[in-house]
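These come from Swiss-Prot:
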REGION    1-404  region 'Ncore'
BINDING   Lys180, Lys190, Arg195, Tyr260, Tyr350  RNA binding site
REGION    405-524  region 'Ntail'
REGION    440-461  region 'Homomultimerization'
REGION    462-471  region 'Interaction with the phosphoprotein'
REGION    487-524  region 'Disordered'
COMPBIAS  487-508  compositional bias 'Basic and acidic residues'
Amino acid sequence: MAGLLSTFDTFSSRRSESINKSGGGAVIPGQRSTVSVFVLGPSVTDDADKLFIATTFLAHSLDTDKQHSQRGGFLVSLLAMAYSSPELYLTTNGVNADVKYVIYNIEKDPKRTKTDGFIVKTRDMEYERTTEWLFGPMVNKSPLFQGQRVAADPDTLLQTYGYPACLGAIIVQVWIVLVKAITSSAGLRKGFFNRLEAFRQDGTVKGALVFTGETVEGIGSVMRSQQSLVSLMVETLVTMNTARSDLTTLEKNIQIVGNYIRDAGLASFMNTIKYGVETKMAALTLSNLRPDINKLRSLIDTYLSKGPRAPFICILKDPVHGEFAPGNYPALWSYAMGVAVVQNKAMQQYVTGGTYLDMEMFLLGQAVAKDAESKISSALEDELGVTDTAKERLRHHLANLSGGDGAYHEPTGGGAIEVALDNADIDLETEAHADQDARGWGGESGERWARQVSGGHFVTLHGAERLEEETNDEDVSDIERRIAMRLAERRQEDSATHGDEGRNNGVDHDEDDDAAAVAGIGGI
């Protein structure tokens, strides 16, 4: 029997391995599009000319009259300006199954009177029409930088800060757009300016060169449509981490932005590990968490198998990235979010609402996180030499800290119905106390009402009890059973009282039951 159970435990990970394993056979290349990339030739030496070309690339990347592949090519041209050898940069990082980059040089000819003396050429020929298309008159639909709205002079910035700093400010902002462009496009503009603030404060990005909101949205739309551009940027981060130690200031700033890009779209997966598993609370022994734990183990194996590109599986749209969504391990995720909103106040703003939210596990996570016994790690007691007296004092302090806040946090955001659990403490007392409290529950503690929710109705919790100051140790299965018992009793009491209450106050409690059922908490 033990061998059979171990087979089931490892099935999830072995299944993922078999799905992702190559089936052999011939590799048939797919269709690739051709993208033009422009690089500076050796004759372009003036810093003012270089900055002008950089802003020209940026303007073309925002031109909605051009195809997205062309706009993506201009962003690649802009990113390549950070390197002394753009050709080597593209050869190292730009190998892609979707596109083939064709490189054109931009040279400066003092004898030319048109297009500011610039000419687009290759080793064999010059491209007059392409030059006019690239450097001809353009009508910007909106300013590129916020400084253009107050008539800031780029030449003054160039003389004050130098070309590398000005170019770096532009390129760093393109990288910041990538942080939210793929995984959270709705919050792109807000997320961009939040991340930018640190670079504003340290002087990396000058106020006159800050992108406008329209520029941010335009770059984000190109990134979402041009996966080859995103792949190039990810490969840039990978090669920075593995190949070089002599990074320029711009490259170091790109690495800082890369820390925000890593694991983008994997917050649910990482938070489930952090708050659900690494806290090592006894609730992990529950049988209904076992399948999700096995699933999480399989996902960890999949993540590690991706090597240095693992943190980018979401923005790279790796076929396996959907497996990391919390809907694939809902019970464990719900439990972890319950622990998180208690242990980390910032997590109370995290979106925990969703159709896959298991309300009972969400409440259980909060209950065990509030329990002083669960907060003490037995694994560290011997290592740290903690005495029994010290543990008792610690329990006392923890009880005092949490005693004033008995409220349960409700799920936020998503599609969840707001369910306010006002001081609805789950009793962690012994079985005898639980039975005694259940019998005298309604008359002793009265009725508490949650705040109003949409539709003008209320979700009520009748006679929710307070925790006793001193809590005895008990098995987690007892906790789970007690939660189920409380919910069942509240359903029975509500069903018995709904008829009279409806006649007395005219409230439609049938809709309350429907709302509560949708929220996953029965007939509270």
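Each residue's number is its place along the chain shown, starting with 1.
The backbone N, Cα and C atoms fix where each Cβ goes, glycine too.
Swiss-Prot feature annotations superimposed on the structure.
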| residue | record | Cβ neighbours (10 Å) |
| --- | --- | --- |
| Lys180 | RNA binding site | 24 |
| Lys190 | RNA binding site | 13 |
| Arg195 | RNA binding site | 19 |
| Tyr260 | RNA binding site | 15 |
| Tyr350 | RNA binding site | 16 |
Which value in Å gives the longest Cα to Cα span across the RNA site residues Lys180, Lys190, Arg195, Tyr260, Tyr350 as recorded? 18
Check the region 'Homomultimerization' (440-461) for me and report the mean pLDDT. 36
